[in-house]
Amino acid sequence: MARILDDITQAIGGTPLVRLNRLAKDLPGDVAVKVEFYNPANSVKDRIGTAIVDAAEASGELTPGGTIVEGTSGNTGIALAMVGAARGYRVILTMPETMSTERRVMLKAFGAEIVLTPGADGMRGALERAQQIVAGTPNSIWARQFANQANVQAHYTGTGPEIWDATEGAVDVFVAGVGTGGTITGVGRYLREQKPDVRLVAVEPADSPILSGGQAGPHKIQGIGANFVPEILDTELYDDVYAASLEESIETSRTLATQEGILGGISTGAIVSAALKEAAKPESEGKLIVAVVCDFGERYISTALFEDIRG
């Protein structure tokens, strides 16, 4: 029987979980990655972009002809722009000027309007500008990805169960980067309900280690490290925090591509670095570590990730 989706958002989810055969070959633990660039706009944020819009529509907050406004480091904006295009909403996105050229082009390709904010102000500056735009735009909503429980719910009802089912409950450690905090909070809560002793590891940039008790600062690992503790992040949930350097994140991302055929972005390199460190521990013998491949590396061609091979 033919199956035709009502719109592109119904293609979100059901992404593959792939074992790392070469990078983790000689380690005590096994590592598998949830390849989120299989979502239609190529990132894990497709899940929350759709969930936020669905929730706003259901509550009546977002009505036909309305405007969606958000501050974003790129991927959530791309997801919202995709959903807006599919459902007929105007989308205005604020983002730090340091975000990659590819992300800006993708946003415009989906028809979104972009407002750039000073890079030194980080995500906080982009969010403040988004709030100002909402205040002056009739029939608009602020997506508020850092505070919106629909973000957490998307992972609690989607990503978490998918990981549990794919591993048949054999997942022992879950590793995720912290941008909004939605992934580790939603997935973590679900997995803990199924298996109370599952270990949860949060990943942040070494140059902005606020979850580790350090100082916020500028960094170049796009997609994680918002320079503040997100409202929806459950800081009591995770067991450990791994602070990844830009250098190791880039190196791991490149190696993941050349040795496993999985081309992820810089934050993916940070997360997989943490997962490999977990797998290298003697106590990880026979355990399964699951990590998140956040997005597709192609949207980082203009960044340091590819500077050695750009022609």
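Note that Cβ sites are derived from N, Cα and C of the backbone, with glycine treated the same way.
For T183 (pyridoxal 5'-phosphate binding site), the number of other Cβ atoms no farther than 10 Å from its own Cβ, over all displayed protein chains, is 31. DSSP assigns T183 (pyridoxal 5'-phosphate binding site) to a helix. Annotated pyridoxal 5'-phosphate binding site per TrEMBL: N75, G179, T180, G181, G182, T183, S267, in sequence order.
Look at TrEMBL and you will find 8-295 tagged as domain 'Tryptophan synthase beta chain-like PALP'.
Cβ neighbour count for K45 (N6-(pyridoxal phosphate)lysine) (all protein chains, 10 Å cutoff from its Cβ): 32. Residues or ranges marked as N6-(pyridoxal phosphate)lysine by TrEMBL: K45.
Taken together, the residues of the domain 'Tryptophan synthase beta chain-like PALP' (8-295) have an average pLDDT of 96. Around the Cβ of N75 (pyridoxal 5'-phosphate binding site), the same chain contributes S43, V44, K45, R103, G223, C294, D295, each under 8 angstroms and 6 or more positions distant in sequence. Pairwise Cα distances among N75, G179, T180, G181, G182, T183, S267, which the record gives as the binders of pyridoxal 5'-phosphate, peak at 15 Å. Taking the mean position of the Cβ atoms of N75, G179, T180, G181, G182, T183, S267 as the pyridoxal 5'-phosphate site, the remaining same-chain residues with a Cβ inside 8 Å of that point are V44, K45, I48, T76, Q145, N151, A176, G177, V178, G223, I224, C294.
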